Amino acid sequence: VGFKAGVKDYKLTYYTPEYVTKDTDILAAFRVTPQPGVPPEEAGAAVAAESSTGTWTTVWTDGLTSLDRYKGRCYNIEPVAGEENQYICYVAYPLDLFEEGSVTNMFTSIVGNVFGFKALRALRLEDLRIPPEYSKTFQGPLHGIQVERDKLNKYGRPLLGCTIKPKLGLSAKNYGRAVYECLRGGLDFTKDDENVNSQPFMRWRDRFLFCAEAIYKSQAETGEIKGHYLNATAGTCEEMIKRAVFARELGVPIVMHDYLTGGFTANTSLAHYCRDNGLLLHIHRAMHAVIDRQKNHGMHFRVLAKALRLSGGDHIHAGTVVGKLEGERDITLGFVDLLRDDFIEKDRSRGIYFTQDWVSLPGVLPVASGGIHVWHMPALTEIFGDDSVLQFGGGTLGHPWGNAPGAVANRVALEACVQARNEGRDLAREGNEIIREASKWSPELAAACEVWKEIKFEFPAMDTL
């Protein structure tokens, strides 16, 4: 057969509705908005082609390989209900297209070039199915939820954290002082803000030293294990590892990384270092909204969350749900399950397009953070359950009497909610009552309740997705 030059429709090669997916395929669900006049089959096939073996014209070297073995295939297309000219296109990629143990390569292939494609008006990656054959090539989360609880000796309740504010401008000594006050009051963790790296007003080494001092003092005082997420994110991988090494030398339990701005290559390196040296790793998702905010273009956060579980991290920020709509609650809980559980069934009502089997890759603790305070505690306890970290920045430091009383208020509220739940009370319905009862015994909690007046907890049933 002679080589036939020229441009031919993608759908002739890459749209294969009869294809039966293999267990080893990486499956992707894209939300495709084609340009006017482009049929959905052609758009879906174009996505499959450009993110695998295809290019815009037939090339002579196609004859030197087996396209059937290596091409991505668009095997199903369904219109999105309620949206005109939007389709979910399912694409199957053969496993051989990806380098083992590299999230970087996986994303370069699947979302690398194709998002700037002219035939598409918009494109969003909604979900990925990672086959066990691929996930087994990753180290994954460094320790997992059970190991973390054993390291910290904390069981049967969510963990409490607090981001130190003002995020920029404090000197190292004052920063350490704020950390000490929070930990002494009853928090498990305090946190560097994601943009605290090593700035002129507070260099990283000074901060690490003063925070370590705060950790050891508060541990001695309370008899509990304490931690501070020391942000090791830096301008180069070498500098990042240097900071992690220093944290290990100080004997602290946990460091932190901004995994999207730092990049997956750096994150995976840090995760490997931290597992080898017994450090927990807290992951912040700064920049995620640049990628996942738009409904019709970009990448859904559940994909970024799965990628993090492959790359490695022990905690990751996952939104709060509270005060938002029911639909968001279901979707958030969908990717929280993808982070924590071993086996997650396909469930379109929660935005889960594929059944995901993690084959005993350790889980990641979801972190609820952002605009939450003591009145939210019952809802947070009910929604996230024990395996989570609840982080109150302003909700601790904004307490009228200071940081330590703010920490006390949060800890008392949490313990009250956990106890009430264990006694069989309904936190969603009786939440305010539980907090009010607890505040009778805790002046710190009473003061916090007064500052952030009641928030209602009715969850109206909203339409999902």
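Cβ coordinates come from backbone N, Cα and C, glycine included.
Record check: Swiss-Prot places ASN113, THR163, LYS167, ARG285, SER369 at the substrate site, and the matching candidate among HIS228, HIS317 is HIS317. The sparsest Cβ neighbourhood within 10 Å, among the listed recorded positions (LYS4, LYS165, HIS284, ARG285, HIS317), is found at LYS4. LYS191 (N6-carboxylysine) is 14 Å away from ARG285 (substrate binding site) when you measure Cα to Cα.
When every Cα pair among ASN113, THR163, LYS167, ARG285, HIS317, SER369 is compared, the largest distance found for this substrate site is 37 Å. Looking only at the binding-site residues ASN113, THR163, HIS317, the one with its C-alpha closest to HIS284 (active site, proton acceptor) is HIS317.
Set side by side, the recorded positions LYS167, LYS191 differ in how many other CB atoms lie within 10 angstroms of their CB, and the most is found at LYS191.
Counting every protein chain shown, the Cβ of SER369 (substrate binding site) has 22 other Cβ atoms within 10 Å. The local packing around ASN113 (substrate binding site), expressed as other Cβ atoms within 10 Å of its Cβ over all shown chains, amounts to 11.
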